[in-house]
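**Q** Dumping what TrEMBL says about this protein:
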- 140-388: domain 'Fatty acid desaturase' (DOMAIN)
- 143-163: transmembrane segment (TRANSMEM)
- 175-192: transmembrane segment (TRANSMEM)
- 233-252: transmembrane segment (TRANSMEM)
- 264-285: transmembrane segment (TRANSMEM)
């Protein structure tokens with residue numbers, strides 16, 4: 001159960017330093033010690049930051065409160081890592097560092113568009129999606145979930161291609177990007193231009209309270225407004241959080257009133273393309289395979305895509321120690337570098353999704369193509385490593401987000417639903433019991 005800040009405070013004025021396990025530090029299970037002076041320490045991990053290396057054993061949870069501040073003491077940050085499911089919790093970025101300072105530290109080559117690599121990403125997505133459709137067609141019923149998981153992940157690659165097009169990092173030709181972006185989004189019935197306009201705002205106002213168009217904490221006033229609405233919020237931000245992007249897709253992208261007058265023309269074109277795909281594509285699928293075929297070949301992979309859409313976005317910007325700030329307190333460099341989380345996934349997922357999980361450099365500059373994100377992240381690790389938040393995708397990370405990061409609190413960043421409305425928060429208590437606590 002999360003604790004309030006009043007239950008736990010930090011009083012350690014010592015400067016930040018690297019946490020290195022030794023024989024005197026009783027490292028918990030799952031933490032591999034790095035001895036001082038070892039080749040590993042002297043090499044890639046020589047920068048000053050907290051590093052926790054995952055091994056195959058299960059890490060037991062460490063009781064730690066939701067805290068708005070990141071302690072300077074490395075041992076306490078290590079406890080936060082273990083409690084939240086992170087491998088590294090970065091120290092706060094100094095106030096005088098600007099986003100331009102961080103961007104200027106990146107190698108120029110990471111901004112270069114490579115047409116061969118760009119079209120290779122299309123080949124990977126088309127081939128993996130076609131393989132997924134074949135698997136669905138040929139799999140017995142008990143293997144269909146595996147086929148859907150593969151196909152939903154493959155079609156997420158289409159979204160990432162369109163995502164690069166929207167950020168002008170796919171091609172030097174804007175018309176090519178608009179065409180490829182629109183086509184890539186069509187199987188997802190996602191309107192390209194409406195998403196592009198709203199996504200630009202997400203990058204301009206990442207983790208800005210009430211302004212970021214991606215994830216937002218629930219405001220207490222909203223939570224208290226209506227009992228029915230409250231129940232929906234608890235379900236949406238609890239057990240159904242990994243599909244909440246469906247609600248985001250519906251709310252943000254089909255209402256013309258949400259767009260500026262100069263945007264409406266392009267929005268209408270995208271909406272017409274989406275509705276044309278629905279009007280032509282869906283009947284063809286039903287005609288060839290029936291309603292069951294529509295569910296098997298389109299709907300279930302689409303749900304798989306939304307699982308990844310929700311999960312990636314949620315993990316990238318949501319953690320107990322990552323704050324949302326008002327405009328007068330918001331700092332672009334702190335939000336983009338320290339407010340974005342790098343998370344490693346199984347390699348096949350990263351390949352099919354074109355490494356969109358390597359997300360911190362993408363928020364330093366959206367103009368970095370997806371195939372250069374890994375090199376850009378390596379540069380950030382070398383130059384800004386101690387400020388980065390990093391994790392390996394694990395049960396504890398997801399459990400922390402889904403059971404703790406709910407209602408906005410300026411003092412604590414987040415307050416869990418069951419701390420505010422325990423009687424109505426049975427879904428959250430159910431998740432706490434059901435979800436494993438492995439890291």
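Each residue, glycine too, has its Cβ placed from N, Cα and C.
Bear in mind that the values here come from a model prediction, so they are computed numbers and not experimental data.
Looking at the shown structure, what environment does each listed feature sit in?
**A** A Cβ distance under 8 Å defines the sequence-distant neighbours of the transmembrane segment (143-163), meaning residues of its chain 6+ beyond its ends; these are 121-122, 124-125, 128-129, 131-133, 135-136, 170, 180-182, 184-185, 187-188, 190, 192, 199, 296, 300-305, 307-309, 348-349, 352-354, 356, 370.
Long-range Cβ contacts of the transmembrane segment (175-192) within its own chain (Cβ-Cβ under 8 Å, at least 6 residues beyond either end) map to 122, 125, 155, 158-159, 161-162, 165-166, 168, 249, 253-254, 267, 270-271, 273-274, 277-278, 281, 298, 302, 305.
Residues 182, 185-187, 189-194, 197, 254, 256, 293-294, 297-298 of the same chain sit 6 or more residues outside the transmembrane segment (264-285) yet have a Cβ under 8 Å from a Cβ within it.
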